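Noted in Swiss-Prot for the protein shown:
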BINDING   Arg70, Ser71, Gly72, Asn83, Leu87, Ile88, Asp89, Met97  substrate binding site
Amino acid sequence: MHALQAKILDPRLGTEFPLPQYATPGSAGLDLRALLKEDTVLEPGQTLLIPTGLSVYIGDPGLAAMILPRSGLGHKHGVVLGNLVGLIDSDYQGELMVSCWNRGNTPFTITIGERIAQLILVPVVQAHFDIVEQFDETQRGTGGFGHSGTR
C-alpha cells in the first residue's frame, strides 16, 4: 500500500464525515465526498465543481491519481464527471475538486457529505518521441475507428 500525503481543508472531514476510505478489501477506489456548505441542486445539463475538502500530494512521479465517477450516480441518476476523468499529477497539491455534470432529464440534489466520486492511484510511464520517417509495417496500419471489425 502506498502512503499518500493528505491535508484536510474542511474540518468536517474526519469528524462529521469519514476520511476517504476503501469500501471493501477489494475496492480500487477511495470514495470522495461532497463537502458543500449546503445541499446543492444540479439541474439537467448543468455542471458544477464540487469541493472534497481534501488535498493530496502523491510525490512519486511514477504514480498519478484519477478521479472517476461512481457507477450508481451515473446509471441511476445520470450524474457523471464533467471532464469524464480527472487526472491528478504527482506534483499537484491543491484541493481535489469534482466536476459533476447532470446529463439526465431531472434535477439531482447533491447532499452534504454524499459520496460523489472515487480516487484511484495508477502507474505512470513517461515517454519521449523518437522521430522517424516511417513506421515498421503492421497488419493494421493506419486503420482505426472500427477497422478491426465488430465480431
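These residue numbers are counts, starting from 1, taken along the chain as shown.
Backbone N, Cα and C atoms are what each Cβ position is placed from, and that goes for glycine too.
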Residues satisfying Cβ distance under 8 Å from Arg70 (substrate binding site), sequence separation of at least 6: Asp31, Arg115, Ile116, Ala117, Gln118
Maximum Cα-Cα separation in Å among residues Arg70, Ser71, Gly72, Asn83, Leu87, Ile88, Asp89, Met97, which the record lists as binding substrate: 26
Three-state secondary structure, which DSSP defines for Arg70 (substrate binding site): coil
Spatial neighbours of Met97 (substrate binding site) that are distant in sequence (at least 6 apart) but have CB under 8 A: Leu49, Ile50, Pro51, Thr52, Gly86
Of Leu87, Ile88 (the binding-site residues), the residue whose Cβ has the fewest other Cβ atoms within 10 Å: Leu87
CB within-chain contacts under 8 A for Asn83 (substrate binding site), separation at least 6: Ser99
Asn83 (substrate binding site) in three-state DSSP notation: coil
Proximal but sequence-remote residues of the same chain as Asp89 (substrate binding site) (Cβ under 8 Å, at least 6 apart): Ile58, Ala64
